[in-house]
Structures are given as structure tokens and as C-alpha cells.
Amino acid sequence: MSGHLLIRPPGFPTSGNQYNPMFPSCMFKENTRAYLALAVVCVVWGTTYLAMRVGVTGFPAFLFSGLRHCTAALILWLVLPFLKKKFSFRYRDVIRQVIPGILMLGLGNGVIGWAEKYIPSGLAALIVSIMPLYVVVINFITGDGRDLNKKIVTGLLLGCVGIVLIFKDNLSDLGDARYFWGVIATFLASLAWAAGTIYMKKSAATTDPYINTALQLTSGGLSLILASFFLDDYSELQTVSSDSIWALVYLILFGSLLSYFCYLYAIRNLPVGLVAVYAYINPFIAVGLGFLILNEKVTPYTAIAFATTVTGVYFINAGYRKKKPREEVKDTAQAQTLEDTKVS
């Protein structure tokens, strides 16, 4: 989630919204499609928490997430030749995608799926929204080379307040051991996702982003299938509901594939700072859907925790944009793939 330096499609006006006859109208249509793609990302990734919650109520949790990512990976591998993507990559390139795939999709997304068997989907989304705080802390501890400025520190403090409010809002439920460990697991999953994000930032990818994604989906999915053999209760398969099956299909086609293609399209045709708005909209949609469809609890503390956390994330992003050299912004936009999808 980078700066506000505008990265426009070729032929797009360099200032304002004035019509210029030298620029074909198709460029404006392309920009409209990019906004529609961004809208898909904002909405669909916000619905994935609800879909996961519905899915794992009738499926073994790790098997559910493993099937989701493995099936999405298979579809993507089959589609890549039609996109004229070359399959030439080195062993080192594979490792660079396998590690974040396991961290972000296996230990991140997969553990979130397990946690959602015991905690509300809206709560999971709120906890995941603090992931940028982990990124800042890990970077600082490992010597990222950046000094903390006032905006980043303000964001960290607001994020900590948001965490306290999240716990306070759910204090009465934490007495339930499964609920308690579901909350803890969600925090740890966000930490794993942050670690995967940092690894990807520091290990520059040399292959196509679509191939990178296919490798990540494959490694993350296979790691979850392996974990399923040891951690899942397969007796749950006897009671798989049609709702859980449809949730799985939805997550494969929309949560993992369509929304990701839309994300890549948006990030290439819109300002990076604008595309980052999905990170603020996703938790709002997740909490709202959990309340409306699953009758999940929403209190004034929930609203305050959401507002505080999102504001903290905004300040952190603003602080990093202030420190990032302008010439790095475009490279960052090209490097961002699954690491910015959050744990959806």
C-alpha cells in the first residue's frame, strides 16, 4: 500500500479530468473498467470472511481452505497458457513464492478458517485489519533501515488502542476456551501473513505475477491439505451442507480468482494509494454482513474499535508514503500481488 503518486495508463491525461482529443476515448473506458475492478475487490474480499465462516461450519477447517487454494491453483495453471504466460522459472524463484505461500495462505488464511469455527467472521476481519502494525514492528525489530516518524508512531498507538477495544468488546466470551484460542489464533495468523508480506518485499520476484500467484496458491493449498491429515476431524464430512459447498465454490471462483485478476487490473491502471482503499472497506463489509446475515454481535465498542484500527492503519500507510522515494512507488505497485490481499 504505497503512495499517492498517480500511475496512469498510457495515454491518460497528466493533469485534471479535462478532455484532450489526442487521447482516445478507449483510455477513459479502460479507466472506468479499472474502477469497476476495484469495486469488485472491495466488495468480494469483504465477503470472504462470511463465506469462510459458512464454509467451515460444515467442513473440516484446514481441508476446506486447502481445497479452496489447490482448486484455484489448478484452474490458474490451466488458464496461464491462454494468457501466454511463460513457465520458465528457476528453483530460487519457486522457493521465493513457496515460502510466502505457506506463511500467508497456510499459516495465515488457513488458520483464520479454523478460527472462524469458533469466533464471529466480523471479529476475525477486525483482528486481521491490524496486520500492518505487525509489518511495522517486524521491520523495526529486524532493522529495516527506516526510522519511525510521527505518523507511523501515531498509527501504532491507535492500533494498540484498537486491539484493547477488540478485547474489551469480547471480554465476556473469552471465558470460552475455544473462543479464546480462536482469537489468539487469528492474531497469530495475521502475524504469519505479515511475515510473508515482508519476505516478499525483501525477495524481489523475477517471474510473472500470475505465475507467482499460482505457486503461492499451490504451496499454501498443499500445506493445508497436509495439515488437515493431522488436525482435522473428518467425521464432519458426514454433515457437509449445501451452504458450505456453495461457500467453497464462491471462494474459489470469486475470492481467489476473479477478485485477484481484478486487483491486478486495478493496480496497473489506478493510483496505488487509491487501490489501497480496499483495506479500509473490507472490514466494514465483513462486520456488516456478519451482523445482517449471521446475526453476529455488533456493539458501540465494535464501531469504535473499527474506526480506531482503520485510522491507525491509515496513519501507518501515510507515514510510509512520506518516507518512500517517489521513484520507488511504481516498482512497488508492480511487486504487490498476494501480499496485499490480506487474509481473505
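Cβ coordinates come from backbone N, Cα and C, glycine included.
Copied over from TrEMBL:
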TRANSMEM  34-52  transmembrane segment
DOMAIN    34-167  domain 'EamA'
TRANSMEM  58-82  transmembrane segment
TRANSMEM  94-115  transmembrane segment
TRANSMEM  121-141  transmembrane segment
TRANSMEM  148-167  transmembrane segment
TRANSMEM  179-198  transmembrane segment
DOMAIN    181-317  domain 'EamA'
TRANSMEM  210-230  transmembrane segment
TRANSMEM  245-265  transmembrane segment
TRANSMEM  272-294  transmembrane segment
TRANSMEM  300-320  transmembrane segment
Top partner of the transmembrane segment (148-167) among 34-52, 94-115, 300-320 - counted as Cβ pairs under 8 Å: 300-320
Leading contact stretch, 34-52, 94-115, 179-198, 210-230, 245-265 vs the transmembrane segment (272-294) - CB distance under 8 Å: 34-52
Reported mean pLDDT - the domain 'EamA' (34-167): 88
Remote residues contacting the transmembrane segment (245-265) - C-beta distance under 8 A, at least 6 residues beyond either end: 33-34, 37-38, 40-41, 44-45, 47-48, 51-52, 54-55, 58-59, 64, 67-69, 71-72, 75-76, 209-210, 213, 217, 275, 278, 337-338, 340-341, 344
Stretch in 94-115, 121-141, 179-198, 210-230 most in contact with the transmembrane segment (300-320), if contact is a CB pair under 8 A: 121-141
Whether the transmembrane segment (179-198) meets the transmembrane segment (34-52): three or more C-beta pairs under 8 angstroms: no
Cβ-Cβ under 8 Å with the transmembrane segment (94-115): same-chain residues at least 6 beyond its ends: 52, 55-56, 61-62, 64-66, 69, 124, 128, 182-183, 185-186, 188-190, 192-193, 195-197, 199-200, 203, 205, 207, 212, 215-221, 223-224, 227, 231, 338-339, 343-344
Beyond the flanks of the transmembrane segment (121-141) by at least 6 residues, Cβ under 8 Å: 1, 46, 49-50, 52-53, 112, 115, 148, 152, 155-156, 159-160, 162-163, 166, 170, 183, 186-187, 189-191, 193-195, 197-198, 279, 282-283, 286-291, 294, 296, 298, 302, 305-306, 309-310, 312-313, 316-317, 342-343
Residue distribution over DSSP helix, strand and coil in the domain 'EamA' (34-167): 108 helix, 0 strand, 26 coil
Summary of DSSP states over the domain 'EamA' (181-317), given as helix, strand and coil counts: 118 helix, 0 strand, 19 coil
